[in-house]
Amino acid sequence: MISTTGDGRVLTLALFVVFIAITLGVTFWARANTRSADDFYAGGRAFSGVQNGVALAGDYMSAASFLGIAGLIALSGYDGFLYSIGFLVAWLLSLLLVEMMRNAGRFTMADVLSYRARSRPKVRTAAAVSTVTVSVFYLLAQMVGAGALVSLLLGIHAGDSFLGLSAEAAKTLTIVGVGIMMIFYVMFGGMKATTWVQIIKAVLLIVSTAVLTVLVLSRFGFNLSTMLGAAADASGSAGFLQPGGRYGQDVRGDTVRTVLNKLDFISLALALVLGTAGLPHIVGRFFTVPDARAARRSVNWAIGLVGVFYLMTLALGFGAAALVGQRAISEQDPAGNTAALQLAHELGSHLGGRLGGDLLLAFIGAVAFATILAVVSGLVLASSTSLAHDYFGHVLMLGRPRESQEVAVARISAFLIGSLAIMLAVVARNLNVAFLVALAFAMAASANLPAIVLSLFWKRFTATGALAGIYGGLGSSLVLVLLSPVVSGKVDPVTGQNLSLLPEGVDFQLFPLENPGLVSIPFGFLCAFAGSWLSKEKAEPQGYDELSVRSLTGLGSHRPA
Amino acid sequence: MAGGSAPRPRRGSERVGGHECSIIVGDRRFRLLKKRFRRLTSVLVVVFLGWYLAYIGLSAFARGFMARPVIGNVNVALVLGMLQFVSTFLLAWYYSRYARRRLDPLSAQIRQEVERRREAYARMMAERQLLEGWNAADETAGGGRR
């Protein structure tokens, strides 16, 4: 059991308060230095490639990957590592697109699409709809995760209380608190504050993960094979170090089920690898650097940091399986999200007794909170940017808003989206919404990626194609998830327990896969092609020429002041 | 940073004009830049997606092969997984090196030439204003096209 002592809790809170204090200071500084739309949306385009690279990594390494993957490896073995690989390889696609997008765009994905559809505000609307939808789903997963984390971290179980709070109240309070902080960062500090929060958090996360990794490896004489062996022995399952523990499981005597399991696994893998380049909070970060070369450098830095981080998840996950043990982990949280925290406690205790354990646990817990807080801020910023710049600026105001107006609208949007996310997360606080992260990736890959890639590379792409691609990809992934086993009709074959989001008895499951990517990504591309072929309008050749000249040479691209 | 020492347009969203655009699109160097970039991206996409999907396919369908031990408890699955990391780093490095050597110089040349054309145009306009007796003092001379 991890610490339930008062000292540990107070220490976690104290460290977290220090983080909040520092980031609030940064926010006030950013507020004083944010005047123009360039400042608010893109941090004045003045971040260096390295700074932005660290921030990109910070935006990307969510609590889901820090706590989630470590837990997944600890409980399911090798299959957790498949997430790490998909999340990393995906960055190559971003690397190939980042320079063109940086050169062509101003603040959002829609800026890039608009070359091909200059006169079509509908495309802007579609991009805003997709951006906000993807961001809100991702936000929801993170915020509900924050609520679950706090009750685990502070050791509040049902019926228990801390500072007079019940577990339920503590969850709600955490979600609201995290929500208020993220709204504050974004409303007041815009991209400048969000980026610095991201940088601080990324450094904290990487350093603490590295410390844990070294401590884990030191327990096994820095021998990877010994650690793996210990983890496999402790797990007691023969296939712990091979793929197949969780995804694409073979069901003996049921070929259909086996094939579906494998397709589901491939579907997830596709969504992970193709989703990153279409995630709004990642794309928005492409515009915060002075030019395309700095953008390339920042993605290279992100690849390096993200790669090292995900390699270390191996040590965290297998280390937790070996040193903490699966039973202790699943007792604390059946989903395994506390594995990294329990590992920290165990490593600290080994080094410095109870105090050491409490200290390290408190530190890692505070880092986990910082991680959640930073990621949700990035998401709120991305969606409010799109609402204000794409929808308000280009649709409602026909592309002629005053800059101050647009930034004011962005601040209000941050407040509205943030409040919406808080309310949804409070309502969903007891649901298992971890699938929303994979869903957000699938939606980004199905709706945003086709529009981005085709507008950059395909001469015949039209506004209708863009609309069809975005709505087709977004709609199909939403509908398929609604009809999938994650929402209804999934029952544990052994225990008969309900594993879906909706209560037992409700069953409208029609689509057999849990992740829609395998169908919705090709469907999104198909819609984009079909829309372009079938529409009567002609592709605008000048728009394409201008986009290719600008994206490849950087002529006319937006520069820092 | 971008384009090294190339002169660059000042801040703002100066659009590349239609006439300028058609000159650049027709430029041999631009066509070469575009061709190289497209070849590079398509090769890299095929390589990394192919290799990733091959790895995923093996994880889904060739479990026996993936379980084979290589050194101690390290099996094929783990080695291939680590190789995905290595290949990602290598491809990113290769892309950046290629871009630095074969793409950046071309785009810098194109930008410089546009800059020269803009300056020449501005000079010509200034001279014309002088000859035709306009009040050139208010206009910007050599400040690039607005």
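Yeah, the Cβs are placed from backbone N, Cα and C, and that goes for glycine too.
Residues or ranges marked as transmembrane segment by TrEMBL: A:12-32, A:53-75, A:126-157, A:169-190, A:202-222, A:265-287, A:299-324, A:359-387, A:408-428, A:434-458, A:465-487, A:517-534 (among others).
The stretches the transmembrane segment (A:12-32) and the transmembrane segment (A:359-387) meet in space: the count of Cβ pairs below 8 angstroms, excluding pairs fewer than 6 apart in sequence, reaches at least three. The recorded stretches the transmembrane segment (A:265-287) and the transmembrane segment (A:126-157) share 3+ CB pairs below 8 A when only pairs 6 or more apart in sequence are counted, and are therefore in contact. For the transmembrane segment (A:517-534), the list of distant contacts is 263-264, 266-268, 270-271, 274-275, 441-443, 445-447, 449-451, 454, 458, 460-462, 464-474, 476-477, 480, 511: same-chain residues at least six beyond its ends, Cβ to Cβ under 8 Å. If you look at the transmembrane segment (A:126-157), the same-chain residues 6 or more away from its ends with a CB under 8 A from one of its CBs are 2-5, 8-9, 12, 62-64, 67, 108-110, 113, 165-167, 170-172, 174-175, 178-179, 278-281, 332-333, 337-338, 341, 365, 368-369, 372-373, 375-376, 379-380, 382-383, 386-387, 390-391, 395, 417, 420-422, 424-425, 428-429, 431, 433-434, 436-437, 439-440, 443-444, 447-448, 451, 466-467, 470-471, 473-474, 478. Here the transmembrane segment (A:465-487) has Cβ contacts under 8 Å with residues 113, 116-117, 120, 122-123, 126-127, 129-130, 133, 435, 439, 442-443, 445-451, 454-455, 499-502, 508-514, 516-517, 519-521, 523-533, 535 of the same chain, all six or more residues outside its ends. Sequence-distant neighbours of the transmembrane segment (A:53-75) (same chain, 6+ residues past either end, Cβ-Cβ under 8 Å): 47, 81, 83-84, 87, 141-142, 145-146, 149, 195, 197-199, 201-203, 205-206, 209, 246, 276, 281-282, 285, 288, 297-302, 304-306, 309-310, 313-314, 316-318, 320-321, 324, 326, 329-330, 333, 335-341, 343, 368, 371-372, 374-375, 378, 434, 437.
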